[in-house]
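Novice: TrEMBL feature annotations, pasted as is:
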type	residues	note
TRANSMEM	B:7-28	transmembrane segment
TRANSMEM	B:64-83	transmembrane segment
TRANSMEM	B:95-112	transmembrane segment
TRANSMEM	B:124-150	transmembrane segment
TRANSMEM	B:157-180	transmembrane segment
TRANSMEM	B:207-230	transmembrane segment
TRANSMEM	B:250-278	transmembrane segment
TRANSMEM	B:290-310	transmembrane segment
TRANSMEM	B:317-338	transmembrane segment
Amino acid sequence: MIEAKELVIGYRAYKNERLVAGGLNFTLPDGRLTALLGPNGSGKSTLIRTLSGLQPVISGDVLLDDVSLSSRSRVELSKRLSIVLQEPIRGTHLSVFELVALGRIPHTNRMGNLAGPDLEKVYESLNATGITALSTRKISQLSDGELQRAMIAKALAQETHYILLDEPTAHLDVLGKIELIDKLRSLTTSKTILFSTHDVELALQMADHIWLIDENGTVKTGAPEDLVLEGSIGNIYSRNQEWGFDNQTGQILVPLINRSGGCSVEGSGLAYEWTLKALKRTGYAVNTGSGTAGPTIRVAASGARPQWMLVRENTVLEARSIQQLLDLLSSRP
Amino acid sequence: MNDSVKTYVWFSLLAFLLVVLFVTDILVGTVRIPLPDALSILSGKDHDHIAWSHILFQIRVPKAFTAVFAGSALSVCGLQMQTLFRNPLASPSELGISAGAALGTGLFIFFLDQGVGIQLHRLGIGASWMIALAAATGAGAVFSLLLIISRFVKDNVVLLIVGLMLGTLTLAITGLWQYFSRPEQLQAFVSWTFGSLGVSGGPRLTVLASATIAGLLFSFFLSKTLNALLLGENYASNLGISPRKARTLILLNTCLLTGVVTAFCGPIGFVGIAVPHVMRSLFATSNHMILMPACCLGGALALLCCDLIAQLPGNGIVLPINIATSLAGAPAVIWIILKMNNLRNSF
């Protein structure tokens, strides 16, 4: 278990101190996937660097398996906790295999020779992250997602109970993000994992536990849903309760634009739902049902292709796509 | 494993070339010695050609060995510097170590002329030994300064810039001395800066060899650390390696190797910066377990090659080794690197 006690994190250079967050008390639950959320500049990276011993604490203490981080040797730490950071990896004549094998450094002899069990662990890690086929590939030839997997494989090869990752989902496409978090989730059967991320929606859906850090450097922890219910997520990730995180749906909403005009929409099905979204996006006030002012749109889902009818006073216009419908709506008769 | 086959092929090829060049280097010179005679002299069977035997054992074999040791040492230093500073332009000469050696030599020549050295000379210590000692002292002084400064500097890039500035400062002081010194003193200094592989056998080669071998062994032990440093200081630290300790060890090792080589052979540039790049391209790897021995072979080959090129003019004219390395080496390296086209991936 990783435990913070009255922890103050920040930077100290000569006599200048810059405190990032203070008075932190929390624990990293064992065998779980914990997501560290917080806005830019809130200190997510600083916290991860502090917890992994790369940066000294300003005051307070971090306990790793009941022993203070500062009293553990670097080598001891390297066998208990591994990291995946945001910084780019260079020296990229390294192959994926060589990169992952570097994770064995804490376990190999002085010369760094890989013995049988080391090789086995490297292959196991490549396998667990699904990159065995890439093992001879050079790092420079990897996509961002593949490189991130290779870095996780390196962390796995290090054979530590704790893995801390700083924004592993940055630069990945949306499916890549989900696959990566899913991979982390599956690893928690034997590991305890903390990852920081800006992907609030995904974290709330996939993490077991959330650490939420705000601009003032206070940390709230709990199950994702609890943090939503007590309004903590909404406080940080929405602007004036108007846009941003939506407590009802758990989605991220965007600010609406206001254009003159309202309309009513009739219909049902997928085409109907997306017509509503399109009207909302382009700034129409939508009344569902009939009998109100403004034009009426009828969505008909007959056959394979949906059709739209725009009824404006006495004229009826037909549209074959939402774009066509929007064009008709915006053109004054 | 296609890559490992390639690695073995390259290693065998380089080793073979090394033997060929070594023998060629021994055979080539103002006095022509045929291969069969040379072999029989070297194997101790031929005792008739005393002059040839003297040339071989006292001049050419030590010179070839010097090329091998100096080349290996300088390339390995360059490799370590480039990895430590994560900078393709880093090499021992960029850290002011060579400049320190030059200053030491310059000051020595100055004091020798003022009479201090002459008295020491009477004690029976050879002047060339004294120059070597002065150069090593100069290199050590600049290095110690760098090491002290490195205690206060966290960032390796900043340290590299500090090293560059130290080098510039040292060169300026040397320049100041040159400006005020007499032509004979300048002559002696300039001939040192030209570099030389001729250590004329005996104890000097023993010192060079043992220091180089010790330094190279140390470098091999640093391979694991250097590999970890490829990922940057944070990852290295998380792998249980202290970046600060690693830096001190690497700098110490570099100073030992560069200091000794510069002391005996003068400031030989170019090899330290170029050979690691060529080896990285050739073996397409950043793994120091492979690059260390590769740089040893490559560096030895490069200096042997340059020594042969230095003798190209014929008629007993031998170019200074430093001119040969740059004259022949620079275009060769430009060609190799452009052809390999994968240097960009290294940094």
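Positions of Cβ are set from backbone N, Cα and C atoms, glycine also.
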Novice: Top stretch among B:7-28, B:95-112, B:157-180, B:250-278, B:317-338 for CB pairs under 8 A with the transmembrane segment (B:207-230)?
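Specialist: Going through each listed stretch, the top one turns out to be B:250-278.
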Novice: Could you check whether the transmembrane segment (B:157-180) packs against the transmembrane segment (B:95-112) - three or more CB pairs closer than 8 Å, residues at least 6 apart in sequence?
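Specialist: These two stretches do touch.
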Novice: As a test: from B:7-28, B:124-150, B:250-278, B:290-310, B:317-338, pick the stretch that has the greatest number of Cβ pairs under 8 Å with the transmembrane segment (B:64-83).
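Specialist: By Cβ pairs under 8 Å, B:250-278 leads among B:7-28, B:124-150, B:250-278, B:290-310, B:317-338.
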Novice: When each of B:7-28, B:95-112, B:124-150, B:317-338 is checked against the transmembrane segment (B:290-310) for Cβ pairs under 8 Å, which one has the most?
Specialist: B:7-28
Novice: So, taking each listed stretch (B:7-28, B:95-112, B:317-338) in turn and counting its Cβ pairs to the transmembrane segment (B:124-150) that are under 8 angstroms, which one gives the highest count?
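Specialist: Most Cβ pairs under 8 Å with the transmembrane segment (B:124-150) come from B:95-112.
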Novice: When you scan the chain for residues with a C-beta under 8 Å from the transmembrane segment (B:317-338), skipping those not six or more beyond its ends, what do you find?
Specialist: 191, 193-197, 265-271, 274, 277-278, 281, 302-303, 305-307, 309-311
